[in-house]
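*Asks:* Pasting in a structure now, in structure tokens, and then I'll have a few things to ask.
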Amino acid sequence: MQADTPKGCFVAVVGPSGAGKDTIMDAARVALSGDMRFHFVRRIITRTQMPGTEDHDSLDEADFARAAGEGRFALHWQAHGLRYGLPKTLDDEIAGGAVVIANVSRRVLSDIRRLYTSRSVVVISARTEVLAQRLASRGRESREEIAARLAREVGFDDGSGDVVTIDNSGEVGASTKAFLHHLHEIAVKTIA
């Protein structure tokens, strides 16, 4: 192994709104608590904490721009009128041998593939009718907005060979089990 080869792995979790990414990641975080091989990244978002949303750190636009300019993010992007960032410290976790798991936008997959040689892209998906039902139950968007959102959804597998898809249309426990199985496989392969 070369000295500059990371010991750990970056696991990028992507998928459409309503697929259950946060639910599965939260369950996996609980199941893996205390296992130092795994590190779940807490995102930084230009949105204050609200009930029913992911647990994250908040920055206003000016502070976020300053942090980005100072290189404090490993990755950052803009989506749905908000800015998102992952702290630069995740690189230290990977260098130290951890499997680092983060919910990201498909917009940064090319950056992830360029920056992280040891990586896996996990697509959490669900059937369109399931996504529509879940989005409607949140009560944040009109029926028309949900239809427009679903019409914009695109595939995540671009043939790069690093994609694992988990269909979360059914029981979330089965999807979480599949996600945990994948994470354990990565840990066995990447951590000596």
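Numbers run from 1 along the shown chain.
Yeah, the Cβs are placed from backbone N, Cα and C, and that goes for glycine too.
Quick paste of what Swiss-Prot says about this protein:
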BINDING   Gly15, Pro16, Ser17, Gly18, Ala19, Gly20, Lys21, Asp22  ATP binding site
*Asks:* Other than Gly15, Pro16, Ser17, Gly18, Ala19, Gly20, Lys21, Asp22, which residues of the chain come within 8 Å of the ATP site, judged by Cβ distance to the Cβ centroid of those residues?
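*Replies:* The surrounding set, listed in chain order, is Ile124, Ala126, Leu131, Arg134, Asn168.
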*Asks:* Using Cβ atoms only, which residues of the same chain lie under 8 Å from Ala19 (ATP binding site) while being at least 6 residues apart in sequence?
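*Replies:* In sequence order, the residues whose Cβ lies under 8 Å from that of Ala19 (ATP binding site) (at least 6 apart) are Ile124, Ser125, Ala126, Leu131, Arg134, Asn168.
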*Asks:* Give me the non-local Cβ neighbours of Gly18 (ATP binding site): same chain, 6+ apart in sequence, Cβ-Cβ under 8 Å, ordered along the sequence.
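*Replies:* Those within reach of Gly18 (ATP binding site), by Cβ under 8 Å and sequence separation of 6 or more, are Ala126, Val130, Leu131, Ala132, Arg134, Leu135, Arg138.
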